[in-house]
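Features of the protein shown, as given by TrEMBL:
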TRANSMEM  34-55  transmembrane segment
TRANSMEM  75-103  transmembrane segment
TRANSMEM  123-145  transmembrane segment
TRANSMEM  152-172  transmembrane segment
TRANSMEM  192-212  transmembrane segment
TRANSMEM  258-282  transmembrane segment
TRANSMEM  333-355  transmembrane segment
TRANSMEM  419-443  transmembrane segment
TRANSMEM  449-473  transmembrane segment
TRANSMEM  494-516  transmembrane segment
TRANSMEM  522-542  transmembrane segment
Amino acid sequence: MKPPVVSLAILNIRSTFSISLPTRKEMKQPKTLIKTIAIGIAALLLIADFAFIFVMNSQAMYKAFKPAGLEDMMLLYTATSAALLVFVFSFTMALSLFSASAVDSGFLVLPFKPQELLAAKMALVYFTNVLIGVFILMVSAIVYGVNEAPPLLFYLYALLSSLSLPLIPLALSYLVLVPMMNASALFRNKNFIIYLGGFVGIGLALAFNFYIQGTMTRLQDASFAALFAAPDSFLSRVGRAWIPSLLVWKSLSRAGDFLGFLALLGNFALGFAVLALVVFFLGKPYLRSIQVFGETSFSRGRKRRKAREYRETKAPLVSLLAREIRLMNREPIFFINGPFIVILLPIFMGIAFAAQRSNIESALSALRPLLAGPAGYLIPAALGGFLGSSTSIACTSVSRDAKILPWIKALPVSPFEYFVAKLLHAEIFSGLGALVGCVASRIVLRTGLLDLTLGLVLALLFSTAFNMGGLWLDTAYPRLRWDNPVAAMKQNPNAVIVILGAMGLLAALGVFTFNINLPRNVYALIYALIFAGLIAAWLLGYPKFAERRYARFE
């Protein structure tokens, strides 16, 4: 019989990572087989993409440190970077898991000790983040090993060290979060926690991205590389102050002798000791945080305002549109993975521009002469169109309603009003995305106002066409069975199809523009007619299709 804490940890992991694979019978259907193969290929490409980024970074570090005889410092750098990333992911995931405390409260009637509940939840966070630590550290270890040919124990120590990396970051995350949850009712609000976790994670990731990009740009300078790895540099001070990273560095650089073995054992001993202390002392406070999570209080004035809102009479379409917007706000997972992309992507691009300003400005100086041609309005149109079509609102709108479709169908609402409200919701944020993209191109490329206006019109037509196509796709193939709101957005194939489709079409139009020589403004006319034709086709065919499909929704 398994110990209770092990059984509960396995239950947490299985319920969180419940991936439903098709059965053998389903795999015999060509459609299911092709879909499964496509998803598998996409996953492999995504992993290969991240691996390529880390391999290039590790190779750049090795080449920069090697002339100064500091090549082993890349191991300290990687261990410190991995520890920081693991802490970011551990903290944000542990924070977001508190939003499920209402579900976890069901375990309170079972014979579990408070320490067992906390340890099982920490096991879930560890299982998720250890994969990140293994990926980052092993990629760097392989790059170092290919160049330096260390003993075989080096790779074994690298794998074992990556397993120890998340232990102390995990303990520190709960050491901060558990007292915080008990300190104020504000932290016991589900929406606040999800927003806070999302924004904290995004903020830390942006800061880390800025640091990495800025450092990698300057590592080409040998003098900076030597200064970067010097004993008094910021990296060296952080690496030596953070004992787990220091022990990882020692265990890998001394993998062939007894000191390396002691450093490896010391890392595990320190990690498990800190983890055990946190579990022992915070078990009961964690139990209290679960018991009181979600408690709220309402003032009498707020109750009156709510009652007045419920009595107001509005047009059905207005009410449905308001419902769409409020639903996106009520489920922060929908907002962070949907409309917030319009803000997040420009921030990422701005960080890349700030971190590699000199390199990007030299590239832009070569690009600016092309702005006299059609690129002057097509670049803003492409950027605005991509941002406007990347919100994933329309292409997941029906899937997000999966749990309440029977209730909606019982209301005196026509299918036309129901679907038009979803399209209008997508159009609001698409318009914002198109505007942000065009304004960004104005700032970076100094695009003229006339070209900016023309680019904005094309971006709006492009994003509208993709919103309509995404809504049609999600109407035809909605994801109506899911247990977690994340599945309706991030695990929805329709969102992937629309985003990749937008990228593919933009690339195809770019190739066409580059290879076909036409008068400057003819491209705008051609593309506007294409997008307008797609919109007209949607207006002619979608309403009747949506009405028939709506009647068959279950």
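Any Cβ shown, glycine's included, is placed from N, Cα and C.
Remote same-chain partners of the transmembrane segment (449-473), defined as residues 6 or more beyond its termini with a Cβ less than 8 Å from a stretch Cβ, comprise 371, 376-385, 387-389, 392-395, 397-398, 419, 422-423, 426-427, 430-431, 433-435, 437-438, 441-442, 494, 497-498, 501-502, 521, 524, 527-528, 531-532, 534-535, 538, 542, 545-546.
Take the transmembrane segment (75-103) and the stretches 34-55, 123-145, 152-172, 258-282: counting Cβ pairs under 8 Å, 123-145 has the most. Through the fold, the transmembrane segment (152-172) approaches residues 79, 82-83, 86-87, 90-91, 94, 122, 125-126, 129-130, 132-134, 136-138, 141-142, 145, 244, 247-248, 251-252, 255-256, 260, 264, 267-268, 270-272, 274-275, 277-278 of its own chain, all at least 6 residues removed from its boundaries and within a Cβ separation under 8 Å. Contact count against the transmembrane segment (123-145) (Cβ pairs under 8 Å) is highest for 34-55, out of 34-55, 258-282, 494-516. Note on the transmembrane segment (258-282): residues 115, 118-119, 122, 153, 157, 160-161, 164, 167-168, 170-171, 174-175, 178, 243-244, 247-248, 250-252 of its chain, located 6 or more positions outside it, place their CB under 8 angstroms from a CB of the stretch. Proximity of distant same-chain residues to the transmembrane segment (494-516), defined by a Cβ-Cβ separation under 8 Å and at least 6 residues beyond the stretch ends, is recorded for 42, 374-375, 378, 382, 385-386, 389-390, 392, 394-396, 399, 462, 466, 469-470, 473-474, 477-479, 523, 527.
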